[in-house]
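Got a structure here, written out as structure tokens. Questions coming.
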Amino acid sequence: MGAFLLRRIFQGMLVVLGVTLVVFVATRMVGDPAKVMLPLSATDAQRAAFNHQMGLDRPLGAQFITFVGDLSTLDFGDSLWQRRPAIQIVFERLPNTLALIGLGLGLAVTLSLPLGALAALRPGGVADRVVVFGGLFGLSLPQFWLGLLMIMFFAVTLKILPTSGVGGPSHYILPAVTLAIPSLARLMMLVRSSVIDELNQQYVRTARAKGMRFHTILFGHALRNALVPFLTLAGWEFISALAGYTVVVETVFAWPGLGLTAMKAIERSDLFLLQAIVFTVAIMIVIVNILLDVLYKLIDPRIKLA
Amino acid sequence: MAVTTHAAPPTAAKPRSGSFRPIALELWHDKAGMIGFTVIVLLILMAVFAPLIAPYDPAIQSVAARLKPPAWLPKGSWEHVLGTDQLGRDVLSRVIYGARASLLVGTSVVLLAGTFGVLFGLFAGFKGGRIDDLMMRLVDIQVAFPGLLMILLIISAVGPSLSTMIVVLAVTNWMIYARVVRGIVLSVRQTPYVEAAEMIGCKPGRVLFKHILPNLTSPLLTLGILEFTNIVLAEAAMSFLGLGVQPPATSWGLDVSNGKDYIFVAWWLITFPGLSISITVLSINLFANWLRVTTDPQEREKRFARLKAVERRRNGAPAGAPAKA
């Protein structure tokens, strides 16, 4: 376990280093910060002054060392937009995003288990067809469009839910449902197919033959065994939501989380703020990945940590 | 049951490369797959022949005809079947032209990322040992990147354009091909026929492309098609966010974004482009679902068993004799 954790932490550091390299290359070598961050009307002298002030006229190697040094102390520079340390803004907005992800994924996880299991009881039956088609349908809807349609229906036509922003609990409903739909579709289809596979196993036949009640077989054995791939996918859903897939939902519903902040940073050409968001999320993903690996081990003792 | 002249024995037909008729027949018998396939063909035709089909130039604006509703609504007219947007552009024409962006980006990204990922996976799986370890570690590292946020950062640093989007999407989506291919190569390498080929002195290139690659066609085809839907959705989302296709070019995602400020007065602006994205992705998913079941020997076996079980229940007789057409 100890060696495993060390190896995973080392790998996590490689991930952060990789992100650092890509961000450095993209912002300093391919892109031109002066061009992105200064207005079009800036003169050459102003550009040169900006480059000098930011240290962008020094050799690339020296720039990279300063860059890494700043990052290791969580110093991402001041946000050009809000004129304060970028990392402060990130920590302010992060809870909003986490709440949205928690609610959306919680919804997807709790609904997908019963729906998927129901479909698996009779493959090809009515419930199964509804679930399979519903799943394919849920995977085919672009999230931004789904969100706008729901705003149109529930907020504009029926006027029962707020269109956007934060406030009471009712503000959570539409963004959380929008975020949940594609995850729900994927998780539901996975539960369905793994429970079908489990119910066809020999041990289920044995359990039936010796007279075990069906719902004990289903809940005690089939669903429980289906839980391992389910958790893998649920973990992946969480990570990819964290990795930026909330951007679309947050933009549609004006939800003041990290995603919307990233879009605002892009609009205002605030590379420092964007950089701070990318790094915070990268570090969080590394940590979540390690926690998930440990969790699998606890759930399924057969898994060897390597 | 209708008697067809080319009655192939149901599901017993073993598709070999080069024999398309049994496959086409199977597709014909699967309603959902057939609908998906038909819609895909229509979409491709629509994208290719857009200038001939579209009633208007998608970029032409007209102040006189702003925000006209679709033809079947009280104020609509058949001049603009699906209405017009806030600049008086014809929604139907924009929807037709929008197919081009989706299909172009989807195809080029899948080809670029697929080629690189497949070569990477083939090489890693074939070399094995330390090189394989190192290469797959690289894949692990990139998979753990915060994908979409990195895409946003790179695009905002480089500047949004169609080609930037294609390159960035390809660079961030090749890993899945590498993983799938490497897994299959590792298992196929153990088979006697690959060992035999190596034994009689086939060069590595020949073993790789003649003996190992054919095992990959079916899973890669399905993977590529499913990835295609992901890319279509990604293109739409990025264009919606303003980081993909740039005006005056058209894209469904861009059109939804243009219409989002008018949802109170003109529901058709976001409805039709969004519907086009959904229909495209849904049809490809339906087709891919059929393809996966059809090209996977294990799935075919299951389906065959199910068919036999149904027959047995229906006839009350032991199955075995082929059902008469």
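Here the Cβ of each residue, glycine as well, is placed from N, Cα and C on the backbone.
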Which residue range, B:145-168, B:265-288, is the one TrEMBL calls transmembrane segment?
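TrEMBL lists transmembrane segment for residues B:265-288.
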Using a cut-off of under 8 Å between C-beta atoms, tell me which stretch among B:34-54, B:220-245, B:265-288 contacts the transmembrane segment (B:103-126) the most.
B:220-245
Using a Cβ-Cβ cut-off of under 8 Å, list the residues of the same chain that are 6+ residues beyond the ends of the transmembrane segment (B:34-54) and lie near it.
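Apart from its flanks, the transmembrane segment (B:34-54) reaches 27-28, 90, 92-93, 96-97, 99-100, 102-104, 279-280, 282-290.
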